[in-house]
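> The structure that follows is given in the form of structure tokens.
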Amino acid sequence: MIKFVSLICRYWIVLSLGLVCIISFLSLSPLDRLPPGPGNDKLLHLLSYGLLMLPTALRRPKHWLFISILFVAYSGAIELIQPYVNRYGEWLDLAANTTGIVLAIILSQLYFLWLARR
């Protein structure tokens with residue numbers, strides 16, 4: 001597990017930028033109608049933005065807290081843009097996205113505590 005986390009930390013910028021591109025494409029691609037998704041839409045939002053934040057939370061660059069705020073702002077911008085590309089912007093999506101970001105930070109903190117106790 002430690003090697004896997006080290007790999008994530010080494011490539012955190014590439015992973016984060018790649019995930020931003022994927023989330024942007026999936027969130028802003030025009031649709032005639034929303035496809036039926038497995039499970040709850042909000043859970044997918046939470047997982048997507050949690051995954052986006054995780055490399056940064058594990059790497060802890062100098063301005064990691066600022067980066068997390070940028071991710072929340074990015075999420076809000078996506079929700080504001082979606083109605084213009086035949087999508088549905090919802091404030092509950094923003095709440096789910098923010099929750100995912102916060103959970104990733106908490107999980108990274110728990111990982112660091114576990115690592116310190118080893």
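Yeah, the Cβs are placed from backbone N, Cα and C, and that goes for glycine too.
Fair warning: this is a prediction, and the values are worked out from it, not measured in the lab.
For 12-31, 43-58, 65-85, 91-114, the entry in TrEMBL reads transmembrane segment. Summarising the annotation, TrEMBL assigns domain 'VanZ-like' to 41-109.
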> State the non-local partners of the transmembrane segment (65-85) in its own chain: residues 6+ outside its ends, Cβ under 8 Å from one of its Cβ atoms.
20, 23-24, 27-30, 49, 52-53, 56-57, 91, 93-94, 97-98, 101, 105
> When the pLDDT values for the domain 'VanZ-like' (41-109) are averaged, what is the result?
95
